Amino acid sequence: MNVAANTRPRLARDEAMSASTGLTDAEAGASATASAEPKSSYRWVVLSVVFAAFLVTFLDRLAWANANLMASTSLDIPIATLGLYVTAFYTGYVIASGLAGFVTDRIGSRLMLFFALAPLAACTFLFGLTSSFAMGLVLQALMGLFAGADYAACVKVVADWFGRTERGRALGLFSTAPSIGVAAANAIFPMLLGVIGWRALYWGLGGVTVLVAVICLFLLTDLAPAGAGERKLQTPDQVTWRRGFLALWTDRNLVLIAFAGFGANWGTWGFAFWATALMIRGYQLSPVDAGVIALIFGIAAAVSKPLYGLLSDVLGGKRRNLVICDLLAFAAMLMVFGMMHTKSGFLLAAPLLGLTAVVYSPLLAAMITERVDMRLTATATGMINALWQLGSVIVPGVVGVVFAATGSFLAAFAILAAGPLIGTLCMFAVDER
């Protein structure tokens, strides 16, 4: 946007920094940022836009969880096959997470978000016109492909606009989008389905998504504000890109952060997928009571992210020890939750578990942006996020097998707790400098 761009003169210092190739260490980025943090108030507008972009992809994703039964009746689809739509979506999502970062670093976040959200809007709208199982399956896979392309681009924007001493809180606010999306979908979609039906719901979501795509195109810019000394403005050439790609997987700390996030997401999304069903089947709680417990968990999780991110900023951008403390507490609370037997016990444990279950995500995202050459932020973020998403794809099946074999609520939660424990061990080995 020209008005925004005119407020951000380019600095010769940024040009000089572009000679570096591959991945930089954290010290170079930190020293540049410490001397001149971006102060433009427009950064909060930018944060609001990428938050909306991330939120709308979650709303498009979560619509099927609410609409599947009504749609299956309309399309005469067997209930047993409904899960294949979820599998198709996540297959596309993981593929896009791993590949879209490369494209983002070449064309910029602004165009990447538009080219991700506009086709997502079209596929979401077309899903409302679905006339067969096969058509719906293809559209869900395409929706996942385009939805998965936005995360790395959004993180790159936040890294552009917020320096090290503000990045934790900014990413914390940004990453509340999934929690708010889950709450909004569960609160609003059932009512809308009863009024307008599942097809009109998807048409409306398609309209909202294309609106956000246009907003991204006109309000975002790939130039960092004046004073953001971390950013190297040029896109990486082929030599730089290859060196950066190789360095990503030879940087011991980045690999450890990647596997720590895999373990953490294992616990988070395993709980999100199985908690309600396990409470109902294991301890005969009513669906309403189990839903209330899940809601309390979600509220605590949403509140905790920006607060923990702010704490990491107050501590001068030191995030490693905070992640270690969180993952240890997360593993412990999963075991405590697994030992509960009554509704009152679950109600007591749910907010404490929620406070620990997701706060690692903005801190790990910030650590990635602070370790890499800033021209390759999206590449690193996208590839690592793809690995993280694999954890969320694999864990539901593993927990299901364990619970089916043992019938033990505690055994299922012990499997979940193993993820953040492994993540803790990885983080102990990370050298944060």
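Every residue gets a Cβ built from N, Cα and C, even glycine.
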If you look at how TrEMBL annotates this chain, which of 1-23, 162-184 comes out as region 'Disordered'?
1-23
Out of 84-104, 111-131, 292-311, 380-403, 409-430, which stretch touches the transmembrane segment (254-280) the most, going by CB pairs under 8 Å?
409-430
Per the 3+ Cβ pairs under 8 Å rule, pairs at least 6 apart in sequence, do the transmembrane segment (44-64) and the transmembrane segment (323-340) touch?
no
With an 8 Å cut-off on Cβ pairs and a sequence gap of 6 or more, do the transmembrane segment (409-430) and the transmembrane segment (111-131) reach 3 or more such pairs?
no
Counting a contact as 3 or more Cβ pairs under 8 Å, with residues at least 6 apart in sequence, do the transmembrane segment (171-196) and the transmembrane segment (346-368) touch?
yes
Would you mind listing the long-range same-chain contacts of the transmembrane segment (323-340), meaning Cβ under 8 Å and 6+ residues beyond its ends?
260, 263-264, 267, 271, 275, 308, 346, 348-350, 352-353, 356-357, 359-360, 363-364, 367, 409-410, 412-414, 416-421, 423-424, 427-428
Per Cβ pairs under 8 Å, the stretch of 84-104, 111-131, 292-311, 346-368, 380-403 packing most closely against the transmembrane segment (137-159)
84-104
Close approaches to the transmembrane segment (111-131) from elsewhere in its chain (Cβ under 8 angstroms; 6 or more beyond its ends)
50, 53, 56-57, 60, 63, 71, 75, 96, 100, 103-104, 139-140, 142-143, 146-147, 149-150, 153-154, 157, 198-203, 205-207, 209-210, 212-214, 216-217, 220, 378
